[in-house]
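Remarks on the structure that follows.
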Amino acid sequence: MTIAIGQEKTRGRFDLIDDWVKRDRFVFVGWSGLLLFPCSYLALGGWLTGTTFVTSWYTHGLASSYLEGCNFLTSAVSTPANSMGHSLLLLWGPEAQGDFTRWCQIGGLWAFIALHGSFGLIGFCLRQFEIARLVGIRPYNAIAFSGPIAVFVSVFLMYPLGQASWFFAPSFGVAAIFRFLLFLQGFHNWTLNPFHMMGVAGILGGALLCAIHGATVQNTLFEDGDAADTFRAFTPTQSEETYSMVTANRFWSQIFGVAFSNKRWLHFFMLFVPVTGLWTSAFGIVGLALNLRAYDFVSQELRAAEDPEFETFYTKNILLNEGIRAWMAAQDQPHENFIFPEEVLPRGNAL
């Protein structure tokens, strides 16, 4: 019989909290949950409150809530007024002075949702890091989720920080996001930006890879059962592999002439393509925030201005962008009192 003599290690307050947050329960909390759950709850609650009750009349001159007759596609929590600059619009700040109604009217809910939403997304990423460490796996899920975080932060925070105010960020709504896309095209020629092209290639390429991968796995499932249905060809708890990598490799070698040689390279490529697309899009948006130009083919514009018979798809798109700027600016920024004389409004070369 062995008797161990020693002093029991004292447990401080940190150890007690650490035990509680990491306790095995239906929904794991963890240290990241202390950031994730409150911020996500407040961001979602603020968005539901804003789309239900809060008008955008004082910031954009628009109706934007269910209470005013909007539906799910047209409601939004709009950005603050241009005059607010880059103020955090705290409820107790000098703009609202503790008045909740005034705070909603000047766009305080948008700042509330944007900041809490950003921290909520970061908390979700940290949650994946934390659980991966506890379970003992690699943190590639968290690395992959950095892509959506980069896009959200660049679009909703970095872009308006590079512009005059939060006013130029997207409002939180479906139709509002569409309006923001038109704005980016008209004022930044976004679709011709190489970072946008890389982003589209990454996202659509990732979707294609997912479709091909899922179909290939379904095609090569082992037919161990009696039924013809591939979903009954294996038991979910079996330890053996359920599909043939060799058969899949042979199939795609015949289709393309090349195929992935192992699963590690295949799945890393499926991770790399969409995440790289998201990150390049985020870099492009930061460039737009700084008003950097890309792919301006001035020589074609000059020739089109001199020769009425010369026109390319690029020059036609430039005219469309001018139209977006001319018609959107007056509607989107009524506080500027834009008045465009007839001679500056865009028109085709043939007119």
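A Cβ is built for glycine as well, from the same backbone N, Cα and C atoms used for every other residue.
The chlorophyll a ChlzD2 binding site feature in Swiss-Prot is assigned to His116. Around the Cβ of His116 (chlorophyll a ChlzD2 binding site), the number of neighbouring Cβ atoms within 10 Å comes to 20.
Within the same chain, residues at least six positions away from Gln128 (pheophytin a binding site) with a Cβ under 8 Å of its Cβ are Pro139, Asn141, Ala142, Phe145. Annotation source Swiss-Prot lists pheophytin a binding site at Gln128, Asn141, citing sequence analysis.
According to Swiss-Prot, the chlorophyll a PD2 binding site annotation covers His196. Taking a C-beta cut-off of under 8 Å and a sequence gap of six or more, His196 (chlorophyll a PD2 binding site) has these contacts in its own chain: Trp190, Ser281, Gly284. His196 (chlorophyll a PD2 binding site) carries a helical DSSP state (H, G or I).
In the three-state DSSP scheme, His213 (Fe cation binding site) is classed as helix. Of all the Cβ atoms in the protein chains shown, 16 others lie within 10 Å of the Cβ of His213 (Fe cation binding site). Sequence annotations record features per position, and here Swiss-Prot assigns Fe cation binding site to His213, His267.
Marked as plastoquinone binding site by Swiss-Prot: His213, Phe260. Other Cβ atoms within 10 Å of the Cβ of Phe260 (plastoquinone binding site), summed over all protein chains shown, number 19.
The transmembrane segment annotation in Swiss-Prot covers 39-59 (among others) and is backed by sequence analysis.
Feature annotation from Swiss-Prot assigns transmembrane segment to 123-139 (among others); the stated evidence is sequence analysis.
Sequence-remote contacts of a segment are chain residues at least 6 beyond its ends whose Cβ falls under 8 Å from one of its Cβ atoms, and for the transmembrane segment (151-164) they are 79, 82, 85-86, 114, 117-118, 121, 170, 278, 281-283, 285-286, 288-291. Positions annotated as transmembrane segment by Swiss-Prot: 151-164 (among others).
Summarising the annotation, Swiss-Prot assigns transmembrane segment to 206-226 (among others). Packing against the transmembrane segment (206-226) from elsewhere in the chain are residues 232-234, 241-245, 247-248, 251-252, 266, 269-270, 273-274, 277: each is 6 or more residues past its ends and has a CB under 8 Å from a CB in it.
Residues annotated as transmembrane segment in Swiss-Prot: 277-293 (among others). Within the chain carrying the transmembrane segment (277-293), a Cβ under 8 angstroms from the stretch's Cβ atoms is held by residues 146-148, 150-151, 153-155, 158-163, 184, 188-190, 193-196, 198-203, 205-206, all 6 or more beyond its ends.
A gap of 10 Å separates the Cα atoms of Phe260 (plastoquinone binding site) and His267 (Fe cation binding site). The two recorded residues, His267 (Fe cation binding site) and His116 (chlorophyll a ChlzD2 binding site), have Cα atoms 33 Å apart. Asn141 (pheophytin a binding site) has a Cβ environment of 15 other Cβ atoms inside 10 Å.
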